[in-house]
Amino acid sequence: MVMIISTMEPQVSNGPTSNTSNGPSSNNRNCPSPMQTGAATDDSKTNLIVNYLPQNMTQEEFRSLFGSIGEIESCKLVRDKITGQSLGYGFVNYIDPKDAEKAINTLNGLRLQTKTIKATVYFCFRLL
């Protein structure tokens with residue numbers, strides 16, 4: 001019997017790549033995430049990433065939608081630095097992990113205009 005063991009080789013990049021998936025699904029470059037503050041840890045269950053938001057959604061609408069679930073420590077709708085247009089994703093950090101879980105259960109899959117939003121826990125992966 002012959003066993004083959006393969007190893008993954010690191011991918012080499014010559015700079016930023018184009019991401020057309022309407023926002024990141026995880027952060028593999030800069031940890032902790034932009035919404036983590038103070039004593040938050042990498043395994044925190046309070047920090048969410050929300051993808052597939054309508055392009056014309058405002059910061060206030062984003063905060064209001066997720067703030068209806070529970071108390072928010074911080075939230076950020078990510079925008080293009082030059083045009084100011086929404087990039088279709090954002091981050092929400094709840095104070096209580098139960099509120100974050102409730103937000104996922106309530107708002108994940110919600111249809112807003114022509115988009116179906118995706119809300120998930122935001123994990124930070126460190127590359128060794």
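Positions of Cβ are set from backbone N, Cα and C atoms, glycine also.
Quick look at what TrEMBL annotates:
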type	residues	note
COMPBIAS	13-28	compositional bias 'Low complexity'
COMPBIAS	29-39	compositional bias 'Polar residues'
DOMAIN	46-118	domain 'RRM'
REGION	1-43	region 'Disordered'
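Residue counts for the domain 'RRM' (46-118) under DSSP (helix as H, G, I; strand as E, B; rest coil) come to 20 helix, 27 strand, 26 coil. Model confidence over the domain 'RRM' (46-118) is summarised by a mean pLDDT of 96.
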